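The structure appears right after this line, and notes come after that.
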Amino acid sequence: MADDASTLAENWQKMVDDLLYISDQPDSDVPSFTHQQRAHLQRARPITMVNSYALLTVPNENVKATIENDLGPHIVRILNHYLGKSCSLAVSIAAPQDDEWQSSHSPAQASRDYEPRYTSRYSPREESPVSPERNEPGASRPAASQPGKQSSSTSGLSAPRRTPRNHHDSQIEIGFSDHQPSAAPREANPPRAAASLDELAQVYQQQQAQKAGATDTGQPDSARRLHREAPAHDPNQEQSLNPKYTFENFVIGSSNRFANGAAVAVAENPARAYNPLFIWGGSGLGKTHLLHAAGNYAQVLQPKLRVKYVSSEEFTNDYINSLRDDRQESFKRRYRNLDILMVDDIQFLEGKESTQEEFFHTFNALHQADKQIILSSDRPPKQLTTLEDRLRTRFEGGLITDVQPPDLETRIAILMKKASADGTDVDREVLEFIASQFESSIRELEGALIRVSAYSSLINEPIDMKLAEIALHDILPDTANLEITMSTIMEVTAEYFNIEFKALTGAGKTRAIAHARQLAMYLCRELTDNSLPKIGEAFGGKDHTTVMYADRKIRKEMTENRNTYDEIQQLTQIIKTRGRVS
(Lines of atoms letter the chains of each structure in order from A; the text may use other names.)
(Lines give C-alpha, C1' and ligand atoms only; values in the text may rest on other atoms or scores of the structure.)
Protein backbone atom coordinates (compact mmCIF):
# COMPACT_ATOMS: atom_id res chain seq x y z
CA MET A 1 0.00 0.00 0.00
CA ALA A 2 2.85 2.35 0.87
CA ASP A 3 4.51 1.55 -2.46
CA ASP A 4 1.29 2.34 -4.30
CA ALA A 5 0.98 5.67 -2.47
CA SER A 6 4.58 6.54 -3.34
CA THR A 7 4.07 5.56 -6.97
CA LEU A 8 0.95 7.70 -7.14
CA ALA A 9 2.68 10.71 -5.60
CA GLU A 10 5.88 10.42 -7.62
CA ASN A 11 4.27 9.76 -10.99
CA TRP A 12 1.11 11.88 -10.83
CA GLN A 13 2.46 14.69 -12.99
CA LYS A 14 3.68 12.15 -15.55
CA MET A 15 0.19 10.62 -15.59
CA VAL A 16 -1.35 14.02 -16.21
CA ASP A 17 1.17 14.84 -18.95
CA ASP A 18 0.58 11.48 -20.65
CA LEU A 19 -3.19 11.87 -20.53
CA LEU A 20 -3.05 15.39 -21.98
CA TYR A 21 -0.66 14.22 -24.68
CA ILE A 22 -2.85 11.25 -25.65
CA SER A 23 -5.96 13.42 -25.76
CA ASP A 24 -4.26 15.69 -28.30
CA GLN A 25 -3.65 12.86 -30.77
CA PRO A 26 -6.18 12.75 -33.64
CA ASP A 27 -6.46 8.93 -33.68
CA SER A 28 -6.66 8.44 -29.92
CA ASP A 29 -9.68 6.85 -28.27
CA VAL A 30 -9.37 9.52 -25.58
CA PRO A 31 -11.40 12.53 -26.70
CA SER A 32 -9.75 15.90 -27.09
CA PHE A 33 -10.11 17.76 -23.79
CA THR A 34 -11.56 21.27 -23.67
CA HIS A 35 -9.64 24.21 -22.19
CA GLN A 36 -11.63 23.84 -18.99
CA GLN A 37 -11.11 20.07 -18.71
CA ARG A 38 -7.34 20.48 -19.21
CA ALA A 39 -7.20 23.17 -16.56
CA HIS A 40 -9.26 21.16 -14.09
CA LEU A 41 -7.14 18.02 -14.58
CA GLN A 42 -3.99 19.96 -13.78
CA ARG A 43 -5.53 21.26 -10.55
CA ALA A 44 -6.13 17.79 -9.11
CA ARG A 45 -3.57 16.60 -6.52
CA PRO A 46 -2.88 13.05 -5.27
CA ILE A 47 -3.32 12.25 -1.56
CA THR A 48 -2.75 8.54 -1.04
CA MET A 49 -4.01 5.02 -1.85
CA VAL A 50 -6.74 3.41 0.31
CA ASN A 51 -7.87 -0.16 -0.53
CA SER A 52 -7.05 0.27 -4.25
CA TYR A 53 -8.77 3.68 -4.25
CA ALA A 54 -6.61 6.56 -5.46
CA LEU A 55 -7.60 9.59 -3.40
CA LEU A 56 -7.34 12.94 -5.19
CA THR A 57 -8.01 16.41 -3.85
CA VAL A 58 -9.48 19.30 -5.86
CA PRO A 59 -10.14 22.91 -4.84
CA ASN A 60 -13.87 23.23 -5.51
CA GLU A 61 -17.09 21.59 -6.65
CA ASN A 62 -16.70 22.58 -10.31
CA VAL A 63 -13.33 20.85 -10.64
CA LYS A 64 -14.69 17.84 -8.76
CA ALA A 65 -17.64 17.52 -11.17
CA THR A 66 -15.33 17.67 -14.20
CA ILE A 67 -12.97 15.03 -12.78
CA GLU A 68 -15.81 12.67 -11.88
CA ASN A 69 -18.17 13.14 -14.82
CA ASP A 70 -15.83 13.81 -17.74
CA LEU A 71 -12.31 12.63 -16.92
CA GLY A 72 -12.88 9.81 -14.42
CA PRO A 73 -12.68 6.84 -16.82
CA HIS A 74 -9.52 8.16 -18.48
CA ILE A 75 -7.78 8.86 -15.16
CA VAL A 76 -8.65 5.36 -13.92
CA ARG A 77 -7.18 3.77 -17.03
CA ILE A 78 -3.88 5.60 -16.72
CA LEU A 79 -3.78 4.84 -12.98
CA ASN A 80 -4.16 1.13 -13.85
CA HIS A 81 -1.22 1.47 -16.22
CA TYR A 82 1.14 3.10 -13.76
CA LEU A 83 0.15 1.09 -10.67
CA GLY A 84 -0.05 -2.22 -12.50
CA LYS A 85 -3.43 -3.20 -11.09
CA SER A 86 -7.10 -2.33 -11.22
CA CYS A 87 -7.84 0.89 -9.32
CA SER A 88 -10.77 3.12 -8.52
CA LEU A 89 -10.93 6.85 -7.98
CA ALA A 90 -12.09 8.94 -5.02
CA VAL A 91 -12.25 12.73 -5.24
CA SER A 92 -12.35 15.11 -2.29
CA ILE A 93 -12.72 18.88 -1.96
CA ALA A 94 -9.89 20.63 -0.17
CA ALA A 95 -10.53 22.82 2.84
CA PRO A 96 -10.09 26.56 2.06
CA GLN A 97 -6.76 26.77 3.91
CA ASP A 98 -5.37 23.96 1.76
CA ASP A 99 -5.19 26.15 -1.36
CA GLU A 100 -1.92 27.61 -0.09
CA TRP A 101 -0.81 24.11 0.88
CA GLN A 102 -1.35 22.80 -2.64
CA SER A 103 1.03 25.31 -4.18
CA SER A 104 3.79 24.93 -1.54
CA HIS A 105 3.80 21.15 -0.85
CA SER A 106 4.91 18.35 -3.08
CA PRO A 107 2.50 15.52 -3.96
CA ALA A 108 4.46 13.20 -1.68
CA GLN A 109 4.02 15.60 1.20
CA ALA A 110 0.35 15.79 0.29
CA SER A 111 -0.13 12.11 0.92
CA ARG A 112 1.21 12.56 4.44
CA ASP A 113 -0.40 15.80 5.53
CA TYR A 114 -3.71 16.28 3.77
CA GLU A 115 -7.10 15.78 5.41
CA PRO A 116 -9.98 16.04 2.86
CA ARG A 117 -13.31 17.66 3.65
CA TYR A 118 -15.73 15.93 1.31
CA THR A 119 -15.16 12.78 -0.69
CA SER A 120 -16.93 10.91 -3.45
CA ARG A 121 -15.87 7.97 -5.55
CA TYR A 122 -15.52 7.01 -9.17
CA SER A 123 -15.19 3.29 -9.85
CA PRO A 124 -15.12 1.70 -13.30
CA ARG A 125 -17.61 -1.04 -14.14
CA GLU A 126 -15.98 -4.26 -12.98
CA GLU A 127 -17.51 -6.37 -15.70
CA SER A 128 -16.11 -4.18 -18.47
CA PRO A 129 -12.60 -4.54 -19.87
CA VAL A 130 -10.26 -1.80 -18.84
CA SER A 131 -10.16 -0.45 -22.38
CA PRO A 132 -10.28 -1.40 -26.07
CA GLU A 133 -7.32 -2.49 -28.12
CA ARG A 134 -5.60 0.19 -30.18
CA ASN A 135 -3.46 -1.64 -32.74
CA GLU A 136 -5.29 -0.53 -35.84
CA PRO A 137 -3.49 0.80 -38.90
CA GLY A 138 -2.98 4.48 -38.66
CA ALA A 139 -2.75 4.48 -34.88
CA SER A 140 0.91 5.40 -35.01
CA ARG A 141 1.96 9.03 -34.97
CA PRO A 142 5.35 10.78 -35.09
CA ALA A 143 7.10 10.62 -31.73
CA ALA A 144 7.42 13.59 -29.45
CA SER A 145 9.91 13.94 -26.64
CA GLN A 146 8.15 12.90 -23.44
CA PRO A 147 10.52 11.16 -21.01
CA GLY A 148 9.62 9.11 -18.01
CA LYS A 149 7.24 6.60 -19.63
CA GLN A 150 6.88 3.07 -18.33
CA SER A 151 6.65 0.08 -20.58
CA SER A 152 3.10 -0.92 -21.44
CA SER A 153 3.88 -4.60 -21.52
CA THR A 154 2.71 -4.98 -17.95
CA SER A 155 -0.15 -2.56 -17.94
CA GLY A 156 -3.57 -1.89 -19.37
CA LEU A 157 -2.43 1.24 -21.17
CA SER A 158 -0.65 1.45 -24.47
CA ALA A 159 1.05 4.64 -23.43
CA PRO A 160 3.15 6.62 -25.89
CA ARG A 161 6.18 4.38 -26.44
CA ARG A 162 9.51 5.79 -27.52
CA THR A 163 11.68 4.09 -30.12
CA PRO A 164 15.26 4.97 -31.05
CA ARG A 165 15.15 8.10 -33.17
CA ASN A 166 16.44 7.74 -36.70
CA HIS A 167 15.39 8.91 -40.11
CA HIS A 168 13.50 5.68 -40.81
CA ASP A 169 11.72 4.78 -37.61
CA SER A 170 10.24 7.17 -35.09
CA GLN A 171 6.72 6.19 -34.10
CA ILE A 172 4.29 6.30 -31.22
CA GLU A 173 1.17 4.28 -30.45
CA ILE A 174 -1.78 6.07 -28.96
CA GLY A 175 -4.55 4.34 -27.03
CA PHE A 176 -5.41 1.70 -24.46
CA SER A 177 -5.21 -2.09 -24.63
CA ASP A 178 -8.02 -4.46 -23.74
CA HIS A 179 -6.24 -6.83 -21.37
CA GLN A 180 -6.08 -6.55 -17.60
CA PRO A 181 -2.78 -5.56 -15.95
CA SER A 182 -0.57 -8.64 -15.69
CA ALA A 183 0.44 -7.63 -12.17
CA ALA A 184 -3.15 -8.10 -11.07
CA PRO A 185 -5.08 -10.61 -13.26
CA ARG A 186 -8.88 -10.66 -12.95
CA GLU A 187 -8.93 -14.16 -11.39
CA ALA A 188 -6.74 -13.01 -8.52
CA ASN A 189 -8.68 -9.82 -8.03
CA PRO A 190 -12.43 -10.56 -7.75
CA PRO A 191 -14.95 -7.70 -7.90
CA ARG A 192 -15.01 -5.61 -4.74
CA ALA A 193 -18.06 -4.14 -3.11
CA ALA A 194 -17.86 -0.38 -3.26
CA ALA A 195 -16.32 0.91 -0.03
CA SER A 196 -18.41 3.38 1.93
CA LEU A 197 -17.06 6.78 2.84
CA ASP A 198 -16.85 5.75 6.48
CA GLU A 199 -14.80 2.68 5.57
CA LEU A 200 -12.44 4.76 3.47
CA ALA A 201 -12.09 7.25 6.28
CA GLN A 202 -11.35 4.51 8.81
CA VAL A 203 -8.66 2.87 6.66
CA TYR A 204 -7.12 6.23 5.89
CA GLN A 205 -6.97 7.16 9.59
CA GLN A 206 -5.34 3.80 10.42
CA GLN A 207 -2.66 4.40 7.79
CA GLN A 208 -1.99 7.88 9.12
CA ALA A 209 -1.73 6.53 12.66
CA GLN A 210 0.75 3.84 11.53
CA LYS A 211 2.90 6.46 9.84
CA ALA A 212 2.91 8.57 12.97
CA GLY A 213 4.19 5.57 14.97
CA ALA A 214 4.55 6.15 18.67
CA THR A 215 4.35 9.92 18.29
CA ASP A 216 1.16 11.22 19.89
CA THR A 217 0.02 14.60 18.67
CA GLY A 218 -2.55 14.86 21.39
CA GLN A 219 -5.28 15.59 18.89
CA PRO A 220 -8.67 13.89 19.28
CA ASP A 221 -9.72 11.36 16.63
CA SER A 222 -12.39 13.74 15.40
CA ALA A 223 -9.67 16.15 14.27
CA ARG A 224 -8.45 13.55 11.78
CA ARG A 225 -11.79 12.49 10.31
CA LEU A 226 -12.97 13.03 6.77
CA HIS A 227 -15.46 15.88 6.96
CA ARG A 228 -18.44 15.85 4.60
CA GLU A 229 -19.07 19.56 4.37
CA ALA A 230 -20.18 21.72 1.49
CA PRO A 231 -17.36 23.75 -0.12
CA ALA A 232 -16.94 27.23 1.24
CA HIS A 233 -17.80 30.27 -0.83
CA ASP A 234 -14.86 31.51 -2.85
CA PRO A 235 -14.45 35.23 -2.08
CA ASN A 236 -12.22 35.70 -5.10
CA GLN A 237 -14.96 34.82 -7.59
CA GLU A 238 -15.73 38.04 -9.47
CA GLN A 239 -19.44 38.39 -10.07
CA SER A 240 -18.98 40.81 -12.98
CA LEU A 241 -18.18 37.91 -15.32
CA ASN A 242 -20.95 36.17 -17.24
CA PRO A 243 -20.36 32.41 -16.92
CA LYS A 244 -22.31 31.75 -20.13
CA TYR A 245 -19.53 33.29 -22.21
CA THR A 246 -16.72 30.76 -22.65
CA PHE A 247 -14.18 29.83 -25.30
CA GLU A 248 -16.01 26.52 -25.74
CA ASN A 249 -19.16 28.20 -27.05
CA PHE A 250 -17.35 30.88 -29.06
CA VAL A 251 -17.54 29.99 -32.76
CA ILE A 252 -14.16 30.50 -34.41
CA GLY A 253 -13.79 31.52 -38.05
CA SER A 254 -11.34 33.40 -40.22
CA SER A 255 -12.85 36.68 -39.07
CA ASN A 256 -12.03 36.20 -35.39
CA ARG A 257 -9.41 33.44 -35.16
CA PHE A 258 -6.53 35.74 -34.27
CA ALA A 259 -8.53 37.64 -31.66
CA ASN A 260 -9.65 34.36 -30.07
CA GLY A 261 -6.08 33.04 -29.96
CA ALA A 262 -4.84 36.25 -28.36
CA ALA A 263 -7.57 36.13 -25.72
CA VAL A 264 -6.72 32.50 -24.88
CA ALA A 265 -3.01 33.36 -24.62
CA VAL A 266 -3.72 36.26 -22.28
CA ALA A 267 -5.97 34.11 -20.07
CA GLU A 268 -3.29 31.43 -19.81
CA ASN A 269 -0.46 33.89 -19.12
CA PRO A 270 -1.81 37.18 -17.77
CA ALA A 271 0.55 40.14 -18.27
CA ARG A 272 3.11 37.87 -19.95
CA ALA A 273 1.61 37.39 -23.39
CA TYR A 274 0.16 40.68 -24.66
CA ASN A 275 -0.39 43.64 -22.38
CA PRO A 276 -2.57 45.50 -23.03
CA LEU A 277 -4.73 43.45 -25.38
CA PHE A 278 -6.93 45.72 -27.49
CA ILE A 279 -9.80 44.10 -29.42
CA TRP A 280 -11.78 46.25 -31.82
CA GLY A 281 -14.63 45.64 -34.26
CA GLY A 282 -18.20 46.55 -35.08
CA SER A 283 -21.15 46.09 -32.77
CA GLY A 284 -22.45 42.55 -32.28
CA LEU A 285 -19.36 40.67 -33.49
CA GLY A 286 -18.31 38.95 -30.25
CA LYS A 287 -15.92 41.35 -28.50
CA THR A 288 -17.80 41.19 -25.20
CA HIS A 289 -17.96 37.38 -25.46
CA LEU A 290 -14.17 37.21 -25.81
CA LEU A 291 -13.59 39.46 -22.79
CA HIS A 292 -15.84 37.40 -20.54
CA ALA A 293 -14.40 34.13 -21.90
CA ALA A 294 -10.85 35.29 -21.15
CA GLY A 295 -11.81 36.22 -17.60
CA ASN A 296 -13.69 32.98 -16.99
CA TYR A 297 -10.87 30.83 -18.37
CA ALA A 298 -8.23 32.73 -16.37
CA GLN A 299 -10.16 32.02 -13.16
CA VAL A 300 -10.51 28.36 -14.08
CA LEU A 301 -6.73 28.16 -14.36
CA GLN A 302 -6.05 30.33 -11.31
CA PRO A 303 -9.12 30.69 -9.08
CA LYS A 304 -7.47 33.28 -6.84
CA LEU A 305 -6.99 35.74 -9.68
CA ARG A 306 -8.79 39.02 -9.07
CA VAL A 307 -10.62 39.66 -12.34
CA LYS A 308 -12.99 42.52 -13.05
CA TYR A 309 -15.06 43.22 -16.15
CA VAL A 310 -16.74 46.62 -16.58
CA SER A 311 -18.14 48.68 -19.41
CA SER A 312 -16.72 52.17 -19.77
CA GLU A 313 -20.06 53.47 -18.54
CA GLU A 314 -19.77 51.42 -15.34
CA PHE A 315 -16.23 52.66 -14.80
CA THR A 316 -17.41 56.25 -15.28
CA ASN A 317 -20.36 55.82 -12.91
CA ASP A 318 -18.16 54.21 -10.24
CA TYR A 319 -15.74 57.10 -10.49
CA ILE A 320 -18.47 59.77 -10.29
CA ASN A 321 -20.04 58.02 -7.30
CA SER A 322 -16.67 57.85 -5.54
CA LEU A 323 -16.27 61.62 -5.97
CA ARG A 324 -19.80 62.25 -4.73
CA ASP A 325 -19.37 60.07 -1.66
CA ASP A 326 -15.73 61.04 -1.02
CA ARG A 327 -14.59 57.45 -1.56
CA GLN A 328 -11.75 57.98 -4.04
CA GLU A 329 -9.36 55.73 -2.12
CA SER A 330 -11.89 52.92 -2.10
CA PHE A 331 -12.33 53.34 -5.86
CA LYS A 332 -8.56 53.14 -6.39
CA ARG A 333 -8.26 50.00 -4.31
CA ARG A 334 -11.14 48.36 -6.17
CA TYR A 335 -9.64 48.99 -9.61
CA ARG A 336 -5.92 48.85 -8.90
CA ASN A 337 -5.78 45.78 -6.67
CA LEU A 338 -6.62 43.49 -9.60
CA ASP A 339 -4.83 40.88 -11.64
CA ILE A 340 -6.94 41.40 -14.77
CA LEU A 341 -9.01 44.48 -15.64
CA MET A 342 -11.29 44.32 -18.69
CA VAL A 343 -13.02 47.46 -19.95
CA ASP A 344 -15.61 47.11 -22.72
CA ASP A 345 -16.44 49.88 -25.22
CA ILE A 346 -13.57 52.10 -24.15
CA GLN A 347 -14.55 54.62 -26.85
CA PHE A 348 -17.34 55.90 -24.59
CA LEU A 349 -14.77 57.65 -22.39
CA GLU A 350 -14.76 60.35 -25.05
CA GLY A 351 -15.54 63.81 -23.76
CA LYS A 352 -15.13 62.74 -20.10
CA GLU A 353 -11.86 64.40 -19.21
CA SER A 354 -11.76 63.68 -15.49
CA THR A 355 -12.70 60.03 -16.06
CA GLN A 356 -9.97 59.74 -18.72
CA GLU A 357 -7.51 61.20 -16.20
CA GLU A 358 -8.46 58.59 -13.60
CA PHE A 359 -8.36 55.74 -16.12
CA PHE A 360 -4.91 56.90 -17.23
CA HIS A 361 -3.60 56.55 -13.67
CA THR A 362 -5.42 53.23 -13.19
CA PHE A 363 -3.90 51.92 -16.43
CA ASN A 364 -0.39 52.98 -15.39
CA ALA A 365 -0.72 51.49 -11.90
CA LEU A 366 -1.82 48.11 -13.25
CA HIS A 367 0.67 48.02 -16.12
CA GLN A 368 3.62 48.91 -13.90
CA ALA A 369 2.55 46.19 -11.46
CA ASP A 370 2.55 43.62 -14.32
CA LYS A 371 -1.22 43.17 -14.25
CA GLN A 372 -3.22 42.34 -17.36
CA ILE A 373 -5.42 44.90 -19.11
CA ILE A 374 -7.90 43.95 -21.86
CA LEU A 375 -9.84 46.63 -23.75
CA SER A 376 -12.45 46.63 -26.48
CA SER A 377 -13.66 49.33 -28.82
CA ASP A 378 -15.62 49.82 -32.03
CA ARG A 379 -12.52 51.17 -33.79
CA PRO A 380 -8.71 50.93 -33.48
CA PRO A 381 -6.79 53.24 -31.11
CA LYS A 382 -5.63 55.56 -33.91
CA GLN A 383 -9.23 56.43 -34.71
CA LEU A 384 -10.15 57.25 -31.11
CA THR A 385 -9.39 60.88 -31.77
CA THR A 386 -11.59 62.11 -28.93
CA LEU A 387 -9.41 60.36 -26.35
CA GLU A 388 -6.23 61.89 -24.99
CA ASP A 389 -3.06 61.10 -26.91
CA ARG A 390 -1.38 59.60 -23.86
CA LEU A 391 -4.20 57.04 -23.59
CA ARG A 392 -4.13 56.15 -27.28
CA THR A 393 -0.35 55.61 -27.27
CA ARG A 394 -0.65 53.29 -24.28
CA PHE A 395 -3.38 51.32 -26.01
CA GLU A 396 -1.04 50.90 -28.97
CA GLY A 397 1.73 49.58 -26.74
CA GLY A 398 0.37 46.03 -26.63
CA LEU A 399 -1.38 43.79 -29.15
CA ILE A 400 -4.15 45.23 -31.31
CA THR A 401 -6.46 42.71 -32.98
CA ASP A 402 -9.83 42.99 -34.66
CA VAL A 403 -12.98 40.96 -35.21
CA GLN A 404 -14.70 41.31 -38.55
CA PRO A 405 -18.17 40.27 -39.75
CA PRO A 406 -18.20 36.46 -40.08
CA ASP A 407 -18.14 34.73 -43.44
CA LEU A 408 -21.01 32.50 -44.60
CA GLU A 409 -19.59 29.26 -43.18
CA THR A 410 -18.97 30.87 -39.79
CA ARG A 411 -22.47 32.36 -39.75
CA ILE A 412 -23.98 28.93 -40.41
CA ALA A 413 -21.84 27.45 -37.61
CA ILE A 414 -23.01 30.21 -35.25
CA LEU A 415 -26.64 29.46 -36.06
CA MET A 416 -26.11 25.72 -35.63
CA LYS A 417 -24.58 26.25 -32.19
CA LYS A 418 -27.34 28.67 -31.21
CA ALA A 419 -30.07 26.26 -32.34
CA SER A 420 -28.41 23.39 -30.48
CA ALA A 421 -28.06 25.45 -27.28
CA ASP A 422 -31.73 26.48 -27.46
CA GLY A 423 -32.92 22.96 -28.28
CA THR A 424 -34.40 24.15 -31.59
CA ASP A 425 -34.70 21.70 -34.49
CA VAL A 426 -33.84 23.60 -37.69
CA ASP A 427 -32.98 22.20 -41.12
CA ARG A 428 -29.63 23.22 -42.55
CA GLU A 429 -31.46 24.71 -45.53
CA VAL A 430 -33.18 27.19 -43.22
CA LEU A 431 -29.92 28.02 -41.43
CA GLU A 432 -28.22 28.68 -44.77
CA PHE A 433 -31.10 30.94 -45.79
CA ILE A 434 -30.85 32.99 -42.59
CA ALA A 435 -27.05 33.12 -42.78
CA SER A 436 -27.18 34.37 -46.37
CA GLN A 437 -29.52 37.22 -45.46
CA PHE A 438 -27.85 38.63 -42.33
CA GLU A 439 -24.17 39.35 -42.77
CA SER A 440 -23.06 42.28 -40.65
CA SER A 441 -23.84 41.32 -37.05
CA ILE A 442 -23.92 38.11 -35.01
CA ARG A 443 -26.55 39.68 -32.80
CA GLU A 444 -28.73 40.35 -35.84
CA LEU A 445 -28.10 36.81 -37.07
CA GLU A 446 -29.14 35.19 -33.79
CA GLY A 447 -32.08 37.58 -33.51
CA ALA A 448 -33.39 36.32 -36.84
CA LEU A 449 -33.18 32.70 -35.64
CA ILE A 450 -34.98 33.63 -32.41
CA ARG A 451 -37.75 35.28 -34.43
CA VAL A 452 -38.21 32.18 -36.59
CA SER A 453 -38.19 29.95 -33.50
CA ALA A 454 -40.71 32.19 -31.74
CA TYR A 455 -43.05 32.17 -34.72
CA SER A 456 -42.78 28.38 -34.94
CA SER A 457 -43.70 28.05 -31.26
CA LEU A 458 -46.67 30.39 -31.53
CA ILE A 459 -48.30 28.66 -34.50
CA ASN A 460 -47.14 25.20 -33.38
CA GLU A 461 -45.61 24.33 -36.76
CA PRO A 462 -42.15 22.87 -37.52
CA ILE A 463 -39.53 25.22 -38.92
CA ASP A 464 -39.16 24.99 -42.69
CA MET A 465 -38.26 27.42 -45.48
CA LYS A 466 -41.80 28.68 -45.92
CA LEU A 467 -42.22 29.41 -42.24
CA ALA A 468 -38.81 31.13 -42.07
CA GLU A 469 -39.66 33.40 -45.03
CA ILE A 470 -42.97 34.37 -43.42
CA ALA A 471 -41.37 35.06 -40.03
CA LEU A 472 -38.57 37.17 -41.51
CA HIS A 473 -40.30 38.85 -44.45
CA ASP A 474 -40.47 42.27 -42.80
CA ILE A 475 -36.83 42.36 -41.63
CA LEU A 476 -35.08 40.79 -44.60
CA PRO A 477 -32.56 43.16 -46.15
CA ASP A 478 -33.59 44.56 -49.51
CA THR A 479 -32.25 46.98 -52.09
CA ALA A 480 -33.99 50.00 -50.56
CA ASN A 481 -31.81 52.32 -48.52
CA LEU A 482 -32.95 52.22 -44.93
CA GLU A 483 -32.09 54.84 -42.39
CA ILE A 484 -33.43 53.68 -39.06
CA THR A 485 -32.56 55.71 -35.98
CA MET A 486 -33.47 55.29 -32.35
CA SER A 487 -35.52 58.48 -32.63
CA THR A 488 -37.57 56.94 -35.46
CA ILE A 489 -38.17 53.77 -33.44
CA MET A 490 -39.28 55.73 -30.39
CA GLU A 491 -41.59 57.99 -32.42
CA VAL A 492 -43.27 55.04 -34.14
CA THR A 493 -43.64 53.17 -30.84
CA ALA A 494 -45.18 56.21 -29.11
CA GLU A 495 -47.67 56.67 -31.97
CA TYR A 496 -48.50 52.96 -32.08
CA PHE A 497 -49.40 52.86 -28.37
CA ASN A 498 -50.92 56.36 -28.43
CA ILE A 499 -48.64 57.75 -25.74
CA GLU A 500 -46.41 60.83 -25.64
CA PHE A 501 -42.81 60.55 -26.82
CA LYS A 502 -41.50 61.82 -23.47
CA ALA A 503 -43.27 58.93 -21.71
CA LEU A 504 -40.66 56.59 -23.22
CA THR A 505 -37.79 58.67 -21.86
CA GLY A 506 -39.40 59.41 -18.51
CA ALA A 507 -39.65 57.42 -15.32
CA GLY A 508 -43.27 56.30 -15.71
CA LYS A 509 -43.76 52.70 -14.61
CA THR A 510 -47.37 51.96 -15.46
CA ARG A 511 -47.73 48.64 -17.23
CA ALA A 512 -48.66 50.17 -20.61
CA ILE A 513 -45.76 52.65 -20.64
CA ALA A 514 -43.23 50.13 -19.33
CA HIS A 515 -44.28 47.61 -22.01
CA ALA A 516 -44.02 50.21 -24.78
CA ARG A 517 -40.61 51.33 -23.53
CA GLN A 518 -39.33 47.74 -23.40
CA LEU A 519 -40.55 47.05 -26.93
CA ALA A 520 -38.82 50.21 -28.17
CA MET A 521 -35.57 49.23 -26.41
CA TYR A 522 -35.75 45.76 -27.95
CA LEU A 523 -36.27 47.21 -31.42
CA CYS A 524 -33.38 49.65 -30.95
CA ARG A 525 -31.22 46.65 -30.09
CA GLU A 526 -32.45 44.69 -33.11
CA LEU A 527 -32.64 47.35 -35.82
CA THR A 528 -29.69 49.60 -35.00
CA ASP A 529 -26.02 49.06 -34.21
CA ASN A 530 -26.11 51.19 -31.07
CA SER A 531 -24.54 49.81 -27.90
CA LEU A 532 -26.44 49.18 -24.69
CA PRO A 533 -25.18 52.40 -23.04
CA LYS A 534 -26.17 54.47 -26.09
CA ILE A 535 -29.66 52.99 -26.12
CA GLY A 536 -30.04 53.62 -22.41
CA GLU A 537 -28.91 57.20 -22.89
CA ALA A 538 -31.54 57.76 -25.60
CA PHE A 539 -34.26 56.60 -23.20
CA GLY A 540 -33.61 59.35 -20.68
CA GLY A 541 -30.30 58.14 -19.30
CA LYS A 542 -31.42 54.63 -18.35
CA ASP A 543 -28.72 52.21 -17.19
CA HIS A 544 -27.52 49.67 -19.75
CA THR A 545 -28.76 46.85 -17.49
CA THR A 546 -32.30 48.21 -17.95
CA VAL A 547 -31.89 47.78 -21.71
CA MET A 548 -30.56 44.23 -21.21
CA TYR A 549 -33.55 43.36 -19.03
CA ALA A 550 -35.99 44.76 -21.62
CA ASP A 551 -34.27 42.81 -24.41
CA ARG A 552 -34.46 39.51 -22.50
CA LYS A 553 -38.05 40.10 -21.39
CA ILE A 554 -39.36 40.84 -24.89
CA ARG A 555 -37.47 37.89 -26.41
CA LYS A 556 -39.13 35.60 -23.87
CA GLU A 557 -42.58 37.13 -24.36
CA MET A 558 -42.33 36.68 -28.13
CA THR A 559 -42.28 32.90 -27.66
CA GLU A 560 -45.16 32.88 -25.18
CA ASN A 561 -47.49 35.71 -26.13
CA ARG A 562 -48.89 36.08 -29.64
CA ASN A 563 -49.84 39.72 -29.00
CA THR A 564 -46.24 40.66 -28.24
CA TYR A 565 -45.03 38.87 -31.35
CA ASP A 566 -47.61 40.65 -33.50
CA GLU A 567 -46.69 44.02 -31.99
CA ILE A 568 -43.04 43.48 -32.88
CA GLN A 569 -43.93 42.47 -36.43
CA GLN A 570 -46.21 45.47 -36.98
CA LEU A 571 -43.83 47.97 -35.39
CA THR A 572 -40.92 46.65 -37.44
CA GLN A 573 -42.89 47.03 -40.65
CA ILE A 574 -43.93 50.62 -39.83
CA ILE A 575 -40.40 51.57 -38.76
CA LYS A 576 -38.89 50.21 -41.99
CA THR A 577 -41.50 52.00 -44.07
CA ARG A 578 -40.76 55.24 -42.22
CA GLY A 579 -37.03 54.64 -42.71
CA ARG A 580 -37.40 54.28 -46.48
CA VAL A 581 -39.56 57.38 -46.79
CA SER A 582 -37.11 59.53 -44.88
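Every residue, even glycine, has its Cβ placed from backbone N, Cα and C.
What TrEMBL says about this one:
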- G284, G286, K287, T288: ATP binding site (BINDING)
- 112-136: compositional bias 'Basic and acidic residues' (COMPBIAS)
- 203-214: compositional bias 'Low complexity' (COMPBIAS)
- 273-401: domain 'AAA+ ATPase' (DOMAIN)
- 485-554: domain 'Chromosomal replication initiator DnaA C-terminal' (DOMAIN)
- 97-169: region 'Disordered' (REGION)
- 203-222: region 'Disordered' (REGION)
- 457-582: region 'Domain IV, binds dsDNA' (REGION)
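Excluding G284, G286, K287, T288, which define the ATP site, the same chain contributes G281, S283, L285, H289, L290, S376, V403, I442, R443 within 8 Å (Cβ to the Cβ centroid), listed in sequence order. In the three-state DSSP scheme, G284 (ATP binding site) is classed as coil. Computed over the region 'Domain IV, binds dsDNA' (457-582), the whole-number mean pLDDT of the model equals 86. The number of other Cβ atoms within 10 Å of the Cβ belonging to T288 (ATP binding site), over all protein chains shown, comes to 21. Counting only same-chain residues at least 6 apart in sequence, those with a Cβ under 8 Å from the Cβ of G284 (ATP binding site) are S440, S441, I442, R443, E444, D529. For the domain 'Chromosomal replication initiator DnaA C-terminal' (485-554), the number of residues in each DSSP class (helix H, G, I; strand E, B; coil) is 51 helix, 0 strand, 19 coil. DSSP places the residues of the domain 'AAA+ ATPase' (273-401) in helix, strand and coil in these numbers: 67 helix, 24 strand, 38 coil.
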